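In what follows, a structure is listed as structure tokens, so that the remarks can point back to it.
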Amino acid sequence: MRIGILTSGGDCPGLNAVIRAIVLKGIAIHGHEFVGFRDGWRGVVDGDIVPLGRKDIQGIAKQGGTILGTSRTNPFEGPNGGVENIERMLERHGIDAIVAIGGEGTLAAAKRLTDAGLKIVGVPKTVDNDLGATDYTFGFDTAVAIATEAMDRLRTTGESHSRCMVAEVMGRHVGWIALHSGMAAGAHAILIPEQKTSMEQIAKWVRAAYDRGRAPLVVVAEGFVPDHEDNAHTERGLDAFGRPRLGGIGERLAPLIEEMTGIETRATTLGHIQRGGTPTAYDRVLSTRLGLAAIDSVVEERWGRMVALRGTEIEHVSFEEALGELKTVPQARFDEAAIMFG
Ligand code: F6P
């Protein structure tokens, strides 16, 4: 079989380890041939493909990013998009099946194409860890490790200056990175999209930590919406007065915390640092296991299915199930973290 691999959506540490595992097992055990689509679905619609042999994947498990490139291209849009064009392109290049590595958007496109008859298997990818069908996604552990290290550093400078430090981490819709890194770093407040929290409550946590002689550490997920910011406006990127919002949520919270507590406050946005660089050992192992299971799916012709971590085992779930509800932070997980705010 000749199999095409693509990585799509935001990049994430561990993508290269998935590619390596698929190609290694596919060549060594099954004698398949591989090509890579450049820049996700963009490479599919444009027929932009590169050969993927053993040499191409040597030593890449520890490399961040993706050797194939990625984009947020929608394969149903543009002059070359759509099922028929893609089918013609696959035929022209003699490609029998696709392994699509990506998050929600990628899997939704993969489902539509599989429903139309294409042979696709999926591998879940999101640094945010918000796909409901899999217990953990690779990239998440790396992001948490980077955020935790950054917060450990923020604490020593915060302590030296008796300041409150606000760290903004990724998490557009869910607060998993904030919850885990905040717990690991011993944050005095963790603010996540799933949990309504008033400015008064935030100020209370900060003040209490300060009064115990600590330099308060607040971790906030980028998708957190404080009570005083109108949700509808926030989603459109406007503040409650209809003006464009300036800065991320961390930058917007810091002056309010300072004003309400009288404690000098600084904000740091960790941004894409959380997605860059070398994956942790855990993420390399998870990525490798998912890649190995994905090639099994292809060999067994389980089209329209995604590999997923369930407990300690890798299982195969339908795209439909994979596209189910977002995995949000349950109340009990937040409450258990909040006990540690002091
Ligand atoms: O979905 C993963 C994620 O890293 C989010 O946490 C973040 O909001 C978004 O991607 C950033 O996207 P981009 O890299 O396109 O700026």
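Each Cβ is built from the backbone N, Cα and C atoms, and glycine gets one as well.
TrEMBL labels come from automatic prediction, so no person has curated them.
Copied over from TrEMBL:
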| type | residues | note |
| --- | --- | --- |
| ACT_SITE | Asp128 | active site, proton acceptor |
| BINDING | Gly10, Arg72, Thr73, Gly103, Glu104, Gly105, Thr106 | ATP binding site |
| BINDING | Thr126, Val127, Asp128, Arg163, Met170, Gly171, Arg172, Glu222, Arg266, His272, Ile273, Gln274, Arg275 | substrate binding site |
| SITE | Gly105 | site 'Important for substrate specificity' |
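When the alpha carbons of Arg172 (substrate binding site) and Thr106 (ATP binding site) are compared, the span between them is 17 angstrom. Residue pairs drawn from Thr126, Val127, Asp128, Arg163, Met170, Gly171, Arg172, Glu222, Arg266, His272, Ile273, Gln274, Arg275, the listed substrate binders, are separated by up to 33 Å at the Cα level. It is 18 Å from the Cα atom of Gly105 (ATP binding site) to that of Arg275 (substrate binding site). Considering other CB atoms within 10 Å as the measure, the emptiest surroundings among the binding-site residues Met170, Ile273 are those of Ile273. The Cβ of Asp128 (active site, proton acceptor) lies under 8 Å from the Cβ of Thr137, Phe140, Met170, Gly171, Arg172, His173, Val174, Trp176, Ile177, each on the same chain and at least six residues away in sequence.
Taking Cβ-Cβ distances under 8 Å and a sequence separation of 6 or more, the neighbours of Gly10 (ATP binding site) in its chain are Thr70, Arg72, Gly103, Thr126, Val127, Arg275.
When every Cα pair among Gly10, Arg72, Thr73, Gly103, Glu104, Gly105, Thr106 is compared, the largest distance found for this ATP site is 13 Å. Comparing Arg266 (substrate binding site) with Glu104 (ATP binding site), their Cα atoms are 34 Å apart once rounded.
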